[in-house]
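Feature annotations, courtesy of TrEMBL:
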type	residues	note
DOMAIN	A:30-130	domain 'Fumarylacetoacetase N-terminal'
BINDING	A:ASP138, A:GLU210, A:GLU212, A:ASP244	Ca(2+) binding site
BINDING	A:TYR140, A:ARG154, A:GLN251, A:TYR255, A:THR370	substrate binding site
ACT_SITE	A:HIS145	active site, proton acceptor
BINDING	A:ASP244, A:LYS264, A:THR268	Mg(2+) binding site
REGION	A:362-384	region 'Disordered'
COMPBIAS	A:370-380	compositional bias 'Gly residues'
2 protein chains.
Amino acid sequence: MNSSIDFTHDPAARSWVESANAPDTDFPLQNLPLGRFRRRGDHHPAAWRIGIAIGDQVLDFRKVAEAKIDLGVPLGALERGVLNAFLATGPERRQQLRHAVFNALGEDSPLQGALQRCLVPQSAIELSLPCRIGDYTDFYTGIHHATAVGKLFRPDQPLLPNYKHVPIGYHGRASSIVVSGTEVTRPRGQLKGPQDELPRFAPCERLDHELELGAFIATGNELGAPLSMEQAEAALAGLVLLNDWSARDMQAWEYQPLGPFLAKNFATTISPWLVTMEALAPFRAPFERPAGDPQPLPYLDGEFNRGAGSIDIALEVFLSSAAMREQGLPALRISQSNFRDAYWTLAQMVAHHASNGCNLQPGDLLGTGTQSGPGPGQGGSMLELSQGGKVALTLPDGSERRFLQDGDELTLRARCERPGARRIGFGACAGIVLPAA
Amino acid sequence: MNSSIDFTHDPAARSWVESANAPDTDFPLQNLPLGRFRRRGDHHPAAWRIGIAIGDQVLDFRKVAEAKIDLGVPLGALERGVLNAFLATGPERRQQLRHAVFNALGEDSPLQGALQRCLVPQSAIELSLPCRIGDYTDFYTGIHHATAVGKLFRPDQPLLPNYKHVPIGYHGRASSIVVSGTEVTRPRGQLKGPQDELPRFAPCERLDHELELGAFIATGNELGAPLSMEQAEAALAGLVLLNDWSARDMQAWEYQPLGPFLAKNFATTISPWLVTMEALAPFRAPFERPAGDPQPLPYLDGEFNRGAGSIDIALEVFLSSAAMREQGLPALRISQSNFRDAYWTLAQMVAHHASNGCNLQPGDLLGTGTQSGPGPGQGGSMLELSQGGKVALTLPDGSERRFLQDGDELTLRARCERPGARRIGFGACAGIVLPAA
């Protein structure tokens with residue numbers, strides 16, 4: 001199993017990259033997330049390369065290859081700047097790379113001198129999506145979100161009868177997935193309030209975020225060949241943060257009977273660093289259903305899933321207005337929750353997706369759905385925090401928010417921490433809202 | 001405008017490829033659809049190439065290039081076996097190619113001797129998808145289908161209030177789109193009848209087809225930059241037939257609130273030959289709304305669309321059981337309809353899709369939704385033909401069908417014909433149902 005605990009999870013291990021030993025870094029030696037980057041300003045098509053974040057630096061695999069430094073594992077596809085082919089090699093190769101890089105960046109590594117020249121400061125780079133995303137599917141595993149939103153759309157029946165049996169999901173748009181830092185233009189669309197006789201075409205008036213995680217597929221399956229729960233777990237590469245920007249007014253009018261469409265596909269932002277399943281292993285947690293809830297059907301059940309199917313990931317949402325940034329005010333944390341509260345696990349999402357024979361491919365992305373907690377400050381969207389637009393949040397600049405305004409910057413953050421393990425983080429998933437074109 | 005009538009639509013024009021002059025061929029000189037093929041049995045990765053169907057032959061562009069035959073237009077991307085890059089060059093280049101190939105294959109062409117060696121019999125080839133499909137979106141433009149199916153799912157409100165204002169669409173799965181001739185395995189999934197207390201996981205018992213057309217995008221748009229109706233029309237490359245295989249029992253249980261998912265993404269079959277917008281030009285027809293219906297919002301309206309937004313394409317569905325094929329019985333035509341009955345045009349689908357800034361890319365595929373006609377023999381799915389499974393069709397082998405059974409072969413066909421124009425066809429979109437794994 002690719003998620004077993006090993007020496008790379010030793011909380012006392014330190015790196016010769018000093019910034020990786022700072023207690024508050026997202027990228028200590030125990031994390032080692034993968035990303036695709038180039039030097040800022042280098043617009044040559046071949047400038048993109050794959051690297052691993054360590055403290056405030058990136059280990060550049062192209063430089064490692066060019067310098068002919070032997071890490072003890074073949075770099076193969078990692079040299080070419082496209083992550084998909086490396087992910088497709090599966091969890092063992094990923095684990096080997098993790099072991100090799102952990103040793104090479106560890107504080108007593110004989111490779112320190114050689115590798116020093118293969119580091120690039122993160123301040124000098126720009127990141128792209130970590131890999132080419134073939135298909136993107138968004139799930140709906142946040143039961144507190146499903147209940148809260150359901151109440152607004154269907155007061156008589158907030159949680160539909162299928163919710164506790166089916167890991168509900170739907171297809172999203174791959175082409176409009178952008179990396180953290182990309183500005184997001186407010187969409188135009190058909191709006192029709194309950195009082196309006198006819199729809200009008202206008203800029204969205206209820207722009208929202210959704211706090212999600214995104215899971216990348218490493219190995220996938222052939223068309224017609226479902227995955228067992230064990231295979232589903234092994235098919236996962238790792239996680240990023242995901243903001244499923246949503247136009248609530250467009251959504252309310254368009255979504256029946258085939259689901260959300262233009263309300264969602266104008267942009268989806270993900271964080272650039274793929275935090276691997278190996279890095280997340282110490283934070284696995286039992287998957288538990290509330291007493292009295294139905295147990296998953298056999299194709300969605302498994303021993304590993306019951307014992308360690310969940311992952312303890314603390315999630316946060318920050319908001320800053322343009323005025324706050326001008327006044328030097330820090331972003332306001334507007335929500336916090338935990339991925340442990342998800343009603344379905346990642347492996348259940350994958351196994352369900354492939355259960356009808358649908359083929360998943362290396363680099364496919366699965367969103368988890370909005371991860372809201374049960375409490376009042378735990379809504380993963382403005383829709384929930386403002387109770388459908390009825391209650392305003394007051395920002396430090398004195399302005400009020402029911403939904404996102406132009407100039408607002410929305411930032412998702414995530415971290416894993418528990419006693420006996422080194423804290424790891426995901427970096428930021430951020431985007432500023434631009435006015436409608 | 002890329003759809004104007006020109007000399008390539010002369011119904012009297014003949015080809016030196018004699019089979020192209022047969023009155024019943026789908027591929028006369030006036031059609032010239034694009035496809036991707038290899039010689040059957042040639043499994044070399046570089047064996048795939050792009051060609052144009054002419055009668056029962058294919059003109060092989062790699063051979064044309066290798067023989068250094070000058071058609072008067074640069075072949076460029078067509079030589080490399082990937083259609084996307086050629087489509088991305090836009091309608092003018094496509095029109096130039098059409099003119100050049102029309103002249104080269106025309107009966108007095110001086111190139112006949114040289115090009116003869118660049119023909120491959122269609123009986124000797126296998127075809128793939130015409131191009132790499134980035135994102136796949138399925139629309140719902142068949143109002144008779146929407147009404148008939150709506151009656152089954154929501155007897156109180158068959159057609160939802162948004163239908164006549166919004167070209168309803170949703171994202172589909174790109175990875176499981178397969179070319180005509182690919183066998184389709186019956187999916188397993190969660191089934192729960194109205195009488196069942198709990199769902200069970202079992203092979204689909206209500207497997208269905210859907211008669212659709214698929215539109216390929218040629219030029220697309222940047223993220224954040226919507227397309228006008230004129231730009232949307234010019235963004236289209238052409239059409240194929242599309243069978244949106246559907247598991248109705250899985251669909252009924254899973255589809256709320258986010259739309260169909262596993263009920264659809266186990267397979268979508270398309271025909272291999274991309275019939276270009278230029279070939280379809282003589283069959284354009286006015287786009288008309290029934291009296292009293294709302295007119296489209298301005299972003300979905302345009303002069304060309306009103307005058308010629310629709311296309312007259314006759315559609316047919318054939319079914320044969322394994323027993324019928326063993327007995328040598330011809331397939332039974334179970335339905336016929338016409339794309340003119342669609343409630344929304346192709347350009348409206350494209351303009352709506354991009355209206356929020358969503359970026360379309362060369363090779364993206366848009367399904368039209370099921371094209372049912374208003375009459376009783378015009379349902380584009382078994383669900384409609386059997387009135388939700390209540391009325392059985394009797395096949396020539398004496399067996400009955402409410403939904404598709406293992407061994408059934410489902411074939412879609414389409415043709416355009418009108419007085420004064422040469423009839424063109426789409427070839428077949430076929431698939432045989434295999435038992436659940």
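Here the Cβ of each residue, glycine as well, is placed from N, Cα and C on the backbone.
The structure displayed is predicted, hence computed values, not measured ones.
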Length of the line joining the Cα atoms of A:LYS264 (Mg(2+) binding site) and A:ASP244 (Ca(2+) binding site), in Å: 7
Rounded Cα separation (Å) that holds between A:ASP138 (Ca(2+) binding site) and A:ARG154 (substrate binding site): 21
Of all listed binding-site residues, namely A:TYR140, A:GLU210, A:GLU212, A:ASP244, A:GLN251, those lying near chain B with CB under 8 A: A:TYR140
Residue among binding-site residues A:ASP138, A:GLU210, A:GLU212, A:ASP244 with least C-beta crowding, 10 angstrom cut-off: A:ASP244
A:THR370 (substrate binding site) and A:HIS145 (active site, proton acceptor), Cα-Cα, nearest whole angstrom: 6
Largest CA-to-CA spread of substrate binders A:TYR140, A:ARG154, A:GLN251, A:TYR255, A:THR370, angstrom: 18
Chain-mates of A:ASP138, A:GLU210, A:GLU212, A:ASP244 with C-beta within 8 Å of site centroid, Ca(2+): A:LEU211, A:LEU242, A:ASN243, A:SER246, A:LYS264, A:THR268, A:GLY367, A:THR368, A:GLY369, A:THR370
Separation of alpha carbons, A:GLU210 (Ca(2+) binding site) and A:ARG154 (substrate binding site) (Å): 19
Cα distance (Å, whole number) from A:THR370 (substrate binding site) to A:GLU210 (Ca(2+) binding site): 5
Binding-site residues listed as A:GLN251, A:THR268, A:THR370, least Cβ neighbours within 10 Å: A:GLN251
Reduced DSSP assignment, the residue listed as 'active site, proton acceptor': helix
Residue distribution over DSSP helix, strand and coil in the compositional bias 'Gly residues' (A:370-380): 3 helix, 0 strand, 8 coil
Shortest C-alpha distance to A:THR370 (substrate binding site) - which of the binding-site residues A:GLU212, A:ASP244, A:THR268: A:GLU212
Environment of A:ASP244, A:LYS264, A:THR268, the listed Mg(2+) site - residues of the same chain whose CB lies within 8 A of the CB centroid: A:ASP138, A:GLY172, A:ARG173, A:GLU210, A:LEU242, A:ASN243, A:TRP245, A:SER246, A:ASN265, A:ALA267, A:GLY367
Using Cα positions only, nearest of the binding-site residues to A:THR268 (Mg(2+) binding site) (A:TYR140, A:GLU212, A:ASP244, A:GLN251, A:TYR255): A:ASP244
